[in-house]
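According to TrEMBL, the protein has these features:
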- 5-122: domain 'Response regulatory' (DOMAIN)
- ASP56: 4-aspartylphosphate (MOD_RES)
- 164-356: domain 'CheB-type methylesterase' (DOMAIN)
- SER176: active site (ACT_SITE)
- HIS203: active site (ACT_SITE)
- ASP299: active site (ACT_SITE)
Amino acid sequence: MDKIKVLVVDDSVFMRRILSDIINSHPNIEVIDTARDGEEAILKVQNLKPHVVTLDVEMPKMDGLKALQKIMDISPVPVLMLSGLTKEGTDATIKALQYGAVDFIAKPSNIFKINVEDMKKQLLDKIIIASKIKLGKKLFYKTHIPKKNVKVHSTSPRILTNNKGTAKKVVAIGTSTGGPRALQTILPNIPKDIDATFVIVQHMPPGFTKSLADRLDSICEINVKEAEQDDILLPGHAYIAPGGKHMIINKDNNKLKISLNKKPAVSGHRPSVDAMMNSLASTGIDNIIGVILTGMGSDGAQGLKKVKENSAYIIAQDEESCVVFGMPKSTIKLGIVDKVLPIDDISDEIIRAVEV
C-alpha cells in the first residue's frame, strides 16, 4: 500500500525532529517535508499535496489558525493541530476545529517534557484516521454562528420551560472526532426556553472541554458550561463532561445531579459516553433523548442500548455528514436508533422530540 504522506509544520526545530522521528517510525507513514511557519506551509501544501498536515497553533509570521483557513480555502487537506495546554492554546484549538481541522493533539508547554511514547500512539493513530477522511462540502462549509441572546429561527415551534426547575426531557449527547464542529452546528439552534436539559460527553483532554464550553456558551441561546460536581440539571442548560473525568447522572429528591469521578476508562475513554448513558439508565427515568454524533470507535452504543430499554428516543448522525462514522455506526448496528439524520437536521429533530 502507498505510504501516508505527512507535512510537519512547527516553528521549533526540536518539535519538527520529534514529530518526524515518530511519524517515520511507522512503516506506512512518512514525512515528506517540514515547514517553519504558516506561509511556508501553504506553499508546501500546494506543491507537495500531502495526505495529512500536522500544524502548530502558535508560530511566527503566520500562525496556525490563519494558515489553516488559507489551506482550507486553497487546497483542503486533513489537518491535525498541535496545541499547548494554555488558555490561549485551548481556545485557539476550538476555533481551529470550527475552521476545518479534523482533530488535535495536546503538547506540554515545556516541549522538553514531552512523553514521546504517549505522543507516539496518539499521533500515529490520528494521522491514520485523518488520512481516510474525505473533506467534502458537507463537513467543511462555513457555518453562520448566531450571537448570544439573538433569537434563532427554527422551523419547529418554540417550547416553553416549566416552573418546577426540572426539565421535561434529558438530551444526552455523545461524540468524539469531529464533535466540536457538530456541537457548534446543533446547539446554537436550540431555543433558550426549551423544556430540556443537555448532558454532553465529548472525548477531549482536560482544559480543552472548558474552552469548548465557553465557546458554545458564547454562541448559544441556552447556557453551556463545563460540568462541576453536584451541578443540578436545569432546563435550558447544557453540561459538558470535563476532560479526564467521567460524568455520572444521579437522581436526588426528584432532581438530577451530576457526579464527577476519575475511575478507570470505560469503553476506552474518560470521560465516557457509555458511563454517562449507563448512569442515566440506572436512574430509571423514561424521558431521555439520546444523540450519538461523529466519532471513532463504539463508545456510547452499549449505554444507548440501556437507555433504550427505558423507552429513550435515539438519534444518530448520518455517515455523509460525519467526520468519522464509528460511533453512530456501532449504535445503528444494534438496531436501537429511531432516526438517522444529517447534522443540519438534528437540532430540529431534538426540538420536535422534546415536544412529544
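The backbone N, Cα and C atoms fix where each Cβ goes, and this holds for glycine too.
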Residues satisfying Cβ distance under 8 Å from HIS203 (active site), sequence separation of at least 6: THR175, SER176, THR177, GLY179, HIS269, PRO271, GLY295, ASP299
Tally of residues which DSSP labels helix, strand or coil - the domain 'Response regulatory' (5-122): 57 helix, 26 strand, 35 coil
Nonlocal neighbours by CB distance (under 8 Å) for ASP56 (4-aspartylphosphate), same chain, sequence gap 6 or more: VAL9, ASP10, ASP11, SER12, MET15, GLY64, MET81, LEU82
Cβ packing number for ASP299 (active site), 10 Å threshold: 30
All-chain count of other Cβ atoms within 10 Å of SER176 (active site): 24
